[in-house]
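These notes concern the structure reproduced below.
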Amino acid sequence: MTYPGTHAAGRRSGTPSRSGGRSAAVVPPRVPARRGPAGRRAVLAVLWAGLVLAVLPWWLQTPDESLRTTTATLTAAGRITGLVAGYLLLVQVLLMSRLPVLERRLGTEQITRWHRDIGVTLLVAVLAHVSFTLTGYARLQRQSVLAEAGILLRDYEDMVGAFVAAGILALLGFTGVRAIRTALPYELWHHLHLSSYLVLLLGFGHQFAHGQQLFRPGPVRTGWIVAYLLVAAALVWGRLVLPLRFNLRHDLRVADVVAESRDTVSIYLTGRRLDRLDLAGGQFLRWRFLTAGRWWQAHPFSPSAAGNGRWLRLTVKVVGRHTADLRNLAPGTRVWAEGPSGTFTAAHRTRDRALLIAGGSGITPIRALLEELPPGAALIYRARTPDDVLLHRELDWLAEARQTDVWYVIGSRHDPGPRQMMSPEGLRQLVPDLTERDVWLCGPPGLVEATVRALRRAGVPRRQIHLATFEL
Ligand SMILES: Cc1cc2nc3c(=O)[nH]c(=O)nc-3n(C[C@H](O)[C@H](O)[C@H](O)COP(=O)(O)OP(=O)(O)OC[C@H]3O[C@@H](n4cnc5c(N)ncnc54)[C@H](O)[C@@H]3O)c2cc1C
């Protein structure tokens, strides 16, 4: 079957450009875990229950009569928004702890989305807390709001830290606006973002010194302190202990760097006990290459082949300074990796058959995933020019081994051929049983968004669409 701007390569034979891995044909498909939505719902239920528990003491300790005056209502609103803000801050840090149970149940993309949404709510709650409390106290003391702020800063314990924490949060909220975020260098934005741990520390004291529900010893205060300790423990476990264990166990090093095209390289890694690496095709890790000038940056890349017990491979497209620099990695370079993360795996499928859609370097997790899905998948690979098609021979070989139909859809997104192919009708024409398949989609954000719209219009249920956008 041939279409304008494409050629079909279904069930062609060939050999991989790099041999030595186990044959894809013998990789058994993983049992579907089908835990995506259920896992998400369970985590959501726990988080909502936590929010109820956080504000319950206020509810129980605040009689209706005490809210008769405007001043009392304002200070009460200050207290309740303070409790909500304190709780949401803990949730934010927990979501960033990389705790495996959260990564498995939610997936990194979902966690990132929640983190962004909760971040906005947290900022609103903090600003409301500051405004209500200041106005309420100012009315109570018959002072102006500014004068009251001065009194709080001067006379109240830990209040300077609390104001600084609110300021940092406002700054983080500002840099979270998409246009500002994308204008900043990623590393600057990321390091600014790490100051949210400081917010946790700076905001801690004033809650216990002045919080109506927390300053008295008792079960509420103890529960709140335990919640802080648990979140801190999750952070240490997910961010320090697990990565340390992983890297001591596997001791990864660069074995070779191979050019795949004019702007893409594959980095082969070796290490110890790679047969015990718990890596599913489609997952990613955050990689640090331990040389002067590189060690301080961790960048996410998805291995472009499923685990084979002997080597790992990253296939990296040059888009900026760091990726350009990776072309010069010397064999033997030590590598520090954190992960694996992500639910873009065969274990999260809901159907027996799959359609994989990759755009550009988005082929990397798709290529690995293909090895672990049951035979009979279909793959659509979208690329601007034939030179942008990566791992071509390998894909043809895999197509043969896994009885997969592969379509290369080549051309600019303005060309009528590819546009037609990626439309709901075009997709249905290529894969008539589209709605009966899980769809795994990875590529640039624009392609992903447009394709999700086309898939939805073609009738594919949202729960069958699995996304990886290469954006965290
Ligand atoms: C889950 C995931 C898996 C990925 N897998 C692959 C892959 O297999 N192959 C591949 O070629 N690319 C992959 N990427 C994209 C890759 O991480 C970026 O292209 C790379 O980090 C860009 O770094 P740079 O300094 O060269 O470019 P820059 O010009 O600095 O960055 C380009 C864009 O990449 C993103 N980015 C930059 N640095 C980071 C960072 N440290 N962490 C997260 N995002 C960052 C930002 O959105 C930035 O706007 C993946 C991204 C994600 C999120």
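Including glycine, each Cβ sits where the backbone N, Cα and C put it.
Remember, predicted model here, so these are calculated numbers, not experimental data.
Noted in TrEMBL for the protein shown:
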COMPBIAS  11-35  compositional bias 'Low complexity'
DOMAIN    247-347  domain 'FAD-binding FR-type'
REGION    1-35  region 'Disordered'
TRANSMEM  42-60  transmembrane segment
TRANSMEM  80-97  transmembrane segment
TRANSMEM  118-140  transmembrane segment
TRANSMEM  160-180  transmembrane segment
TRANSMEM  192-210  transmembrane segment
TRANSMEM  222-242  transmembrane segment
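With a threshold of 8 Å between CB atoms, the same-chain residues lying at least 6 positions outside the transmembrane segment (118-140) that come near it are 70-79, 81-82, 84-85, 88-89, 91-92, 95, 147-149, 152, 166, 169-170, 172-173, 176. Residues of the same chain lying 6 or more positions beyond the ends of the transmembrane segment (80-97) and with a Cβ under 8 Å from any Cβ of it are 47, 50-51, 54-55, 57-58, 111, 114-115, 118-119, 121-122, 125-126, 128-129, 132-133, 196-197, 199-200, 203, 207, 211, 213, 224, 227-228, 231, 234-235, 237-239. Within the model, the domain 'FAD-binding FR-type' (247-347) shows a mean pLDDT value of 94, rounded to a whole number. Shown for the domain 'FAD-binding FR-type' (247-347): DSSP residue counts in helix, strand and coil, namely 17 helix, 40 strand, 44 coil.
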